[in-house]
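Right, one structure below, let's go through it.
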Amino acid sequence: MKSKKKTLFSNRVFLNFWIGQTVSMFGSQISIMALPLTAVLIFDASTMEMGIYQAVASAPYLIIGLFAGVWIDRVRRRPLVIYSNLATGIILSLVPLLAWLGLLNMTFMYIILFLFGTSTLIFELSFLSFIPNIVDKKDLTEANSKLQSSRSVSRIIGPNLAGPLISIFTAPFAILIDSFSFLISFLFLRSIPVEENAKKKQSFRRIWSEIGIGLKTIFNNPILISLSASTATINFFHTTFAAIFMIFLVKQIGLTPLQIGLVMGISSSGTLLGAFVARKLSVNLGIGTTIIGATSSIVIGTFVIAISPNSLLVALPMITIGQFLSGLGNTIYVINQVSLRQTITPDEILGKVNASSQFLSRGAMPFAGIFGGSIGSWFGLKIALLITAIGFLLSVVWLLLSPLKAIKTVDDALDEQKKLKMAID
C-alpha cells in the first residue's frame with residue numbers, strides 16, 4: 001500500500017508559522033474596512049484626503065524600502081518577522097486609544113498609517129525572505145498557496161464579521177480586535193525554532209553597493225524586470241482605485257458598513273478559489289501563461305466595477321462580480337509570481353531582490369494615492385474608476401512583451417536561477 005504524501009502541515013515549523021499568519025489575517029480584515037471607514041464616516045474625508053490617506057500608508061515603500069532589504073540580508077530574519085508583527089499590533093491599538101481619549105483626527109490618522117506602513121513593510125520583506133528558510137524550494141508554491149488560502153478565507157469571513165462589529169462598536173474601536181490578533185500571532189511566531197546562521201557584520205558604507213546588487217539583478221533578468229513592471233502597474237492603479245472606491249461605495253452607491261462587509265465577503269470567494277487553483281493552473285498551463293491569465297482577470301474585474309451604474313440593485317451584483325474576478329486574478333498572480341521570484345533568486349541576495357522588487361513595484365504608490373484623489377476630484381468617481389481600469393491593462397502588456405511564457409515548470413525557473421548565479425559570480 002502506498003504511503004500518503006506528507007503535506008506541509010506535517011512540518012511543525014511551517015504549521016506554527018501558518019497558524020500565526022492566519023490569525024492576524026482574519027483580524028486584519030477588520031482594519032482593512034475600519035481604517036478607511038473611520039476617515040470617511042467619522043471625519044467625512046474628501047476624495048483628496050483619501051488620496052493622501054493612501055499616499056501616506058504606502059510612503060514607507062518609497063522612503064525606506066531599499067534600505068530595509070539590505071538590513072534584512074544582514075541580520076537574522078526570524079526576529080524581524082516576530083517583532084515587526086508585534087509592532088503592527090501596537091501601532092493599530094493607537095486608533096481606539098486616541099478615539100477613547102477624544103484626540104483622534106485625520107492628522108493622527110496619517111501618522112498612524114505611516115507607522116503602520118513601516119512595520120508592515122519590514123514584516124513583508126522579512127516574511128518573503130524567511131519562507132525559503134522554513135520550506136524547500138520545491139515546496140514554495142504549496143507554502144504560498146496555503147498562506148494565500150488563509151488570506152482568501154479571511155477575506156470571505158472577515159468582512160462579514162467586520163461589518164457588524166463596525167456597526168456595533170464604531171470603526172475606530174473595532175480595530176482593537178485586530179490588535180489582539182497580532183498579539184496571538186506574535187505568540188505563535190515566537191514558537192518557531194528556526195536556526196539561522198549569524199550574519200557577518202558589514203560596513204554601512206557598503207549599503208549603496210548592496211542596494212545596487214538587488215536592482216542590478218532585477219534589471220539584468222528579463223523575467224524579474226517584467227514581473228516588477230507588471231506588479232508596479234497593478235499596485236499603482238490598485239492604490240488609485242483604493243483612494244476612491246470606499247467613497248464610491250458610501251457616498252455614490254449609498255452602502256452601509258454592514259452592506260460593504262457583505263459585498264466584500266461574497267466577492268472574496270474569488271480569492272479563495274484563486275488560492276486553490278493557482279498551483280494546479282501553473283502545472284497544467286505553465287507558470288508564465290498562468291501569471292498572464294491572472295492579470296487579465298484583474299483587468300476585466302476592474303472594468304466591470306467601473307461601468308456599474310448608480311442604481312443599488314444593479315450596482316451591487318456588478319461590484320460583487322468585479323471584485324470576485326479581481327480577487328481571483330490577484331491571488332493566482334501573487335502566488336505564482338512570488339514563488340517564481342523566490343525560486344529564481346539565490347538565497348544570499350533574496351532580501352535585496354525582494355526589497356528592490358518592492359521598491360520598484362510599490363515606490364510609486366504614494367503618488368498613485370494623490371493621483372487617485374486628484375482624478376476623483378476633477379472628473380468624478382465614475383470616470384476615475386474607468387481611468388483606473390484602463391491603466392490596469394498595462395500590467396498585461398509588460399508580461400506579453402517578456403519571455404515569461406517560456407517559463408512553464410519549476411525546473412525552468414531553477415535553470416533561470418543557475419543563469420543568475422553565473423551572472424552574479
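Placed from the backbone N, Cα and C atoms, the Cβ positions cover glycine too.
Here TrEMBL flags 12-32 (among others) as transmembrane segment.
Per TrEMBL, transmembrane segment is recorded for 52-73 (among others).
The transmembrane segment annotation in TrEMBL covers 80-102 (among others). Cβ atoms under 8 Å from those of the transmembrane segment (80-102) belong to residues 20, 24, 31, 35, 38, 72, 108-109, 112, 115-116, 119-120, 122-123, 126-127, 130, 170, 172-173, 175-176, 178-183, 185-186, 189-190, 192 of the same chain, restricted to positions at least 6 beyond its ends.
Marked as transmembrane segment by TrEMBL: 108-135 (among others). Taking Cβ pairs closer than 8 Å, the transmembrane segment (108-135) reaches residues 8, 11, 13-14, 17, 35, 38-39, 43, 52-53, 56-61, 64-65, 68-69, 72-73, 77-78, 80-81, 84-85, 87-88, 91-92, 94-95, 98, 142-144, 192, 194, 196, 338, 342, 347, 350-351, 354-355, 358 in its own chain, all 6 or more past its ends.
Under the heading transmembrane segment, TrEMBL lists 156-189 (among others). Sequence-remote contacts of a segment are chain residues at least 6 beyond its ends whose Cβ falls under 8 Å from one of its Cβ atoms, and for the transmembrane segment (156-189) they are 16-17, 19-21, 23-35, 37-38, 41-42, 81-82, 85-86, 88-90, 92-93, 95-96, 98-100, 104, 256-266, 268-269, 271-272.
Residues annotated as transmembrane segment in TrEMBL: 223-248 (among others).
Here TrEMBL flags 224-425 as domain 'Major facilitator superfamily (MFS) profile'.
Annotation comment: TrEMBL describes 260-279 (among others) as transmembrane segment.
Marked as transmembrane segment by TrEMBL: 285-305 (among others).
Look at TrEMBL and you will find 312-335 (among others) tagged as transmembrane segment. Beyond its flanks by at least six residues, the transmembrane segment (312-335) meets 141, 144-145, 148, 151-152, 155, 234, 249, 253-255, 259, 263-264, 266-271, 273-275, 277-279, 281, 290-291, 293-306 of its own chain at Cβ-Cβ distances under 8 Å.
The transmembrane segment annotation in TrEMBL covers 375-401 (among others). Sequence-remote contacts of a segment are chain residues at least 6 beyond its ends whose Cβ falls under 8 Å from one of its Cβ atoms, and for the transmembrane segment (375-401) they are 46-48, 50-51, 226-227, 229-231, 233-234, 236-237, 240-241, 243-245, 247-248, 252, 288, 291-292, 295-296, 298-299, 302-303, 305-307.
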What else in the chain is close to the transmembrane segment (223-248), if you only count residues 6 or more beyond its ends and a Cβ gap under 8 Å?
-> 36-37, 40, 45, 47, 50-51, 53-54, 58, 217, 260, 291, 295, 298, 302, 330, 333, 337, 340-341, 344-345, 353, 356-357, 360-365, 367-369, 371-373, 375-376, 381, 384-385, 387-388, 391-392, 394-396, 398-399, 401-404, 407, 416
Tell me, roughly as an integer, the mean pLDDT over the domain 'Major facilitator superfamily (MFS) profile' (224-425).
-> 86
